């Protein structure tokens with residue numbers, strides 16, 4: 001069975017790579033010159049290709065991980081094939097690096113599904129393979145496989161880091177996490193998440209042990225009530241656990257490689273006087289709490305084929321009926337956060353090449369009350385998101401939510417690319433859906449990919465003050 005599964009997956013990888021290469025060829029023919037952020041990334045990578053490592057474009061805000069990996073892959077190929085001229089480190093060759101990362105992401109997603117859903121029956125072979133294929137074609141991620149952006153590589157190293165964490169290879173995971181930070185500084189949050197999963201596992205053990213002492217052995221495990229008293233109980237337990245020297249020692253012995261990465265990152269922040277390495281005026285930190293609501297809505301839409309069902313709707317209505325005061329309080333908090341903490345980046349209002357520009361213009365700017373009217377949708381999307389984790393442990397879920405909060409809220413700019421990694425981690429930990437639902441998910445992603453690539457290639461336009469061809473993209 002394993003041999004058959006391996007053959008099927010290998011054939012799938014080959015087919016995926018062939019189709020991606022055909023699409024890559026079409027995109028590159030239509031847009032030969034660097035486009036959007038590529039006008040910064042491509043020249044910087046070409047400097048590295050020519051051995052110029054002491055020049056840096058101040059408009060680039062990320063560390064040079066993408067350029068170092070590109071040079072590390074291209075230079076041996078150039079040496080072996082004796083390539084010369086403009087083709088070396090050309091825009092097309094640099095973009096091709098992300099196609100390789102796409103293949104790696106597909107393989108890593110498959111391995112993660114196998115590891116995370118190990119206890120499920122052998123009949124899930126087709127569902128694991130299709131889940132990996134579906135997530136590797138996740139629209140926002142898949143589109144940037146054809147351009148020279150950091151997203152494909154950033155995702156690859158985070159997935160690789162998490163896989164090594166699950167297998168207990170923590171030193172390797174810490175090294176890969178460092179590589180991910182070199183692609184995008186905010187990946188330090190997901191490196192911390194990997195460490196937090198180790199802490200959460202120990203806390204879950206301690207929680208179960210304490211719970212067993214307080215109840216009869218024949219009684220089922222008690223659930224944390226959806227109330228203020230339940231939240232207080234969890235907070236007090238967390239403080240007691242972290243303050244206990246014995247627990248702290250066990251955690252540090254396991255998570256010290258990640259702690260080293262964290263201390264190295266803090267040293268970088270101090271020396272750099274901030275996280276951003278280039279244009280800091282466009283990446284200011286703020287408390288943009290509605291970003292979390294946008295992420296919940298984004299997740300709700302892309303997971304509709306596998307998350308929406310009659311039973312989940314019924315559970316939501318039952319929760320509303322059972323805890324009306326809690327949901328009323330939650331709605332009021334959301335209204336307050338939307339009112340006081342909504343920030344709009346100037347790029348979102350001025351750059352009409354990005355899809356978020358049109359989402360904001362045609363939805364949020366239609367009327368000033370729209371952002372408040374959408375709060376019930378946020379509550380539903382947020383509840384659906386959390387309900388998907390009911391099979392996961394309490395402290396794992398809390399660790400993920402804390403990291404999600406840290407990754408989304410400080411961002412002023414509404415950018416769907418920032419949602420890629422948290423969405424993939426969310427989807428990876430959902431129970432494996434049925435085959436029909438997976439097919440629906442894959443068809444949705446394929447349709448969105450086809451539409452976005454078609455629009456990018458064919459629906460070009462020009463600005464009044466520029467002769468350059470402009471294209472729509474994520």
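Each Cβ is built from the backbone N, Cα and C atoms, and glycine gets one as well.
Note that the structure is a prediction, hence the values are computed from the model and not measured.
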Margin query: Checking feature assignment: transmembrane segment per TrEMBL, candidates 50-72, 73-95, 96-118. Which range matches?
Written below: 96-118
Note to self: Quick test of the contact rule: Cβ under 8 Å, at least six residues beyond the ends. What residues does that give for the transmembrane segment (7-27)?
What the structure shows: 95-96, 99, 102-103, 106-107, 110, 125, 129, 132-133, 136-137, 145-147, 453, 456-457
Checklist line | Contact check, the transmembrane segment (369-386) vs the transmembrane segment (291-313), 3+ Cβ pairs under 8 Å, seq sep 6+ | finding: yes
Next item on the list: State the residues, same chain only, that lie 6 or more residues beyond the ends of the transmembrane segment (130-150) and have a CB under 8 A from a CB inside it; answer 'none' if no residue qualifies.
Entry: 9, 12, 16, 20, 23-24, 27-28, 34-38, 41-42, 45, 62, 65-66, 91, 94-95, 97-99, 101-102, 105-106, 109-110, 113, 183-184, 302, 416-417, 419-420, 423-424, 427-428, 432-433, 435, 438-439, 441-442, 445-446, 448-449, 452-453, 456, 473-474
